[in-house]
Amino acid sequence: MSSLINNTQSNIQPRELLKHIASYNMKSIYLIFTSFLALSSCAFAFDPSPLQDFCVAIKDIKNGVFVNGKFCKDPKLATPNDFFFSVKEGNTSNPLGSKVTPVTVNEILGLNTLGISLARIDFAPKGLNPPHTHPRATEILIVLEGTLYVGFVTSNPQNRLITKVLNKGDVFVFPIGLIHFQLNVGYENAIAVAGLSSQNPGVVTIANAVFGSNPKISSEVLTKAFQVDNNIIDNLQKQFWWDNN
């Protein structure tokens with residue numbers, strides 16, 4: 001490659017330069033190209049590095065600058081409340097017996113561009129945080145009280161189920177984008193806190209998305225996908241799919 005660069009820097013004619021490139025070892029060119037793609041994917045896979053101390057999100061766009069999904073206020077106008085939120089106990093009186101209280105950039109505006117958030121999850125006895133994904137974040141969860149049965153499913157084609165029973169103080173990781181769940185298998189209330197690697201991780205609850213979409217997914221699509229009778233799909237789409245977030 002150094003010889004190619006040296007030739008490029010000399011007074012070589014364009015036609016001769018093309019001949020040098022064409023005759024160069026293709027394996028080396030492929031290696032350089034794939035290395036460039038790998039570096040590029042790393043650069044754009046996560047929230048960009050901050051260019052200032054913080055970038056507090058602002059709803060009024062007249063005096064803001066658009067950065068990474070939110071408009072930002074002038075840093076000189078930031079206040080302590082831009083970095084504060086009080087998390088309360090979640091109401092688990094619902095069909096799922098669980099309540100997720102997110103703390104994302106929507107709750108703490110100062111999280112904008114920082115690439116981190118969390119959620120408190122309250123469980124009634126036998127309460128479930130149903131199968132869901134976070135399209136933009138890996139999750140790390142710690143159990144504060146109770147006993148949880150947790151797990152995630154790997155991607156196709158293995159679709160391997162990886163599970164663990166967690167007790168107070170135990171920590172478990174759910175890789176980005178994979179379907180996962182938590183179930184309180186105890187007879188007392190349970191509490192967990194989850195850290196997420198994005199200020200806006202997003203959440204897709206599988207049952208809600210598939211059977212509660214608006215407008216509805218064609219029953220022809222779902223009957224073939226799930227290999228069940230049309231009446232079953234119709235019944236599922238008529239259900240009220242509770243959102244515990």
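Including glycine, each Cβ sits where the backbone N, Cα and C put it.
What TrEMBL lists as oxalate binding site is Asn129, His134, Glu139.
For His180 (Mn(2+) binding site), the Cβ neighbour count at a 10 Å cut-off comes to 22, with all displayed protein chains included. Taken from TrEMBL, the feature Mn(2+) binding site covers His132, His134, Glu139, His180.
Counting every protein chain shown, 21 other Cβ atoms lie within 10 Å of the Cβ of Cys72 (disulfide bond). Residues or ranges marked as disulfide bond by TrEMBL: Cys55-Cys72.
The domain 'Cupin type-1' (85-234) scores a mean pLDDT of 97 in the predicted structure. Taken from TrEMBL, the feature domain 'Cupin type-1' covers 85-234.
The two recorded residues, Glu139 (oxalate binding site) and His180 (Mn(2+) binding site), show a Cα separation of 10 Å. For Asn129 (oxalate binding site), the same-chain residues 6+ apart in sequence whose C-beta sits under 8 angstroms from its C-beta are Leu96, Ser98, Val100, Ile121, Phe123, Phe181, Gln182, Leu183, Asn244. Other C-beta atoms found within 10 angstroms of the C-beta of Glu139 (oxalate binding site) number 23, with every protein chain shown included.
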